[in-house]
Amino acid sequence: MSAEIIGTYAVAVALLIGSIFALVGAIGLLRFNDSMIRLHAPTKVGTVGIGSLLLASMIHAYTFGDGSMHEVLIMAFLFVTAPISANFIAKVNIHKRACDTPPAPPRDETWSTLNVPEADRDIDTSKAG
Amino acid sequence: MSFATEVMNAALVIAFVTVAIAQAMSMLRLILGPSTGDRILALDTMVVNAIGLIVLLGIAQGVRVYFEVSMIIAMLGFVSTVAYARFVLRGDIIE
C-alpha cells in the first residue's frame with residue numbers, strides 16, 4: 001500500500017467526518033428550542049467541521065500536488081474568532097430578552113454606598129488604623 | 001482510476017450534498033428565527049458552511065486559488081457578524 005493510496009483514504013475519512021459534523025451542527029441549530037441553547041450547536045461546524053474539511057484539503061494537496069500549509073491560517077482564524085462572535089450573539093440575546101434573565105437583586109442600602117452594614121455598626125472604627 | 005480514488009470521489013460527493021443540506025437548514029433557521037440573535041447566529045453558520053463548500057470545490061477541482069477566497073470570506077463573515085451584533089447592541093457600528 002503506497003503513501004498515495006493511504007493519503008487518498010485519509011482525505012475521504014476527513015471529508016466524511018467534516019461533513020457529518022456540519023450536518024449535526026445544522027440539525028442542532030434547527031431543532032434546539034431556546035436562543036441560548038441554539039448558540040451551542042453551530043460551534044461544531046466552526047471547529048471540527050471546517051477544521052476537518054481543511055485537513056482534507058491539506059492532505060489532498062500533499063498527496064497529489066506539492067503540498068500547502070495555508071489552510072492552517074483559516075483554521076487558526078476561525079478558532080480565534082468563533083468565541084468572540086458567539087459572545088457577541090449571547091450579548092444580543094440578553095439585550096433582546098430572548099433568554100431567561102437572572103432574578104432582580106434584593107434591595108440593599110449598603111452596597112457601593114458609605115452606609116455601614118447592620119452587623120458592623122457596633123465596631124468602633126475611630127480607633128482602627 | 002483506482003479503488004481509493006473512487007472512494008475519495010464518493011466521499012467528496014457525499015460531503016458536497018451534506019454541507020449543502022446543512023447550508024439549507026441554517027437558511028431555514030434564518031427565515032424562522034424568532035429573535036434577532038437567532039438570525040445573526042444563522043448568518044454566521046451560513047458563512048462557515050460557505051467556507052466549507054468553497055474548500056470542497058477547491059478539493060474537487062484541484063485549484064489552489066480557492067484558499068484565498070475562503071480566507072477572505074472567513075474574515076468578512078467575522079466582521080459582519082460583529083458589526084450586526086454591535087448594531088443591535090449599541091444602535092451604531094462605529095461610535
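Any Cβ shown, glycine's included, is placed from N, Cα and C.
In TrEMBL, annotation is done automatically, which means it is predicted and not curated.
Now, the feature entries from TrEMBL:
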type	residues	note
COMPBIAS	A:118-129	compositional bias 'Basic and acidic residues'
REGION	A:98-129	region 'Disordered'
TRANSMEM	A:6-33	transmembrane segment
TRANSMEM	A:45-65	transmembrane segment
TRANSMEM	A:71-90	transmembrane segment
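Outside the region 'Disordered' (A:98-129) by six or more residues, the chain places 34-36 with a CB less than 8 A from a CB of the stretch. Each residue in the region 'Disordered' (A:98-129) gets a DSSP state, and the totals come to 3 helix, 0 strand, 29 coil.
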